[in-house]
């Protein structure tokens, strides 16, 4: 779906942006405007999250967002889903509600008063701790995913503080050539389970499942390997044909072979091919252009000191 939505007309993208702002900034207040508006809020939010689920891989975030929206639908709204008639579930619930209505309301006791006092105190505390969070929200230098007090009761959260307009990817490649700089060295790609790599592989849909390594590789492409040293650790494990790490990948080009002598990272810019274009006709979902090296060719011997300085266990070839 993302492939075709990306190539939608300009007015579709404008509508997407407008509806996104409306659903996130206006619709949430429908909860406080009575039963019908609350039900409308639940329906719109669930529809919004379903569109996000079918158009991208955002892990379980959208599924979790649906959960509180379900609470917007009361018994009267969901009653059509259950059979009616004598002895049915709906009939039993109605009888329980009538019996509860006939019973006298319990008098206010000491325990109830203490609970109300505790609820009020907690509400005041959360409101007080929310002041720096709200100020941060309104600040032009907003800080994402941070806390402002040692209790960590109220924090800032943001899955995406900013959205990039280009998709860059890191491709990990290995070669069995003794000389990584040789013009005839054949570099073979490692394929991940979901993230873009092979230009002919259709974009996957895994939500609500989450391929953590694919996700981290996407974020690593925004920076350099110096900011993501774990990528070098990953390269070292690939040089040893580590079975545990290879289980996280979709394709190991050195399966049933000796481990690669060298592994390197290449930085590419990816974009969708145009429907009906030459690349799409050739079966390619993606078009890519090389940006440059992400990290240079590395061998296990090169990484011995690197691993030792970080107190990482040195991988032994399997």
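Glycine is treated like the rest: Cβ placed from N, Cα and C.
Remember, TrEMBL labels are computer predictions, not curated facts.
Computed from a predicted structure; not experimentally measured.
These come from TrEMBL:
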type     : residues : note
DOMAIN   : 1-78     : domain 'Lipase maturation factor 1/2 N-terminal'
DOMAIN   : 153-296  : domain 'Lipase maturation factor 1/2 C-terminal'
TRANSMEM : 18-34    : transmembrane segment
TRANSMEM : 46-66    : transmembrane segment
TRANSMEM : 117-138  : transmembrane segment
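With a threshold of 8 Å between CB atoms, the same-chain residues lying at least 6 positions outside the transmembrane segment (117-138) that come near it are 146, 148-149, 151, 153-156. In the predicted model, the domain 'Lipase maturation factor 1/2 C-terminal' (153-296) has a mean pLDDT of 91.
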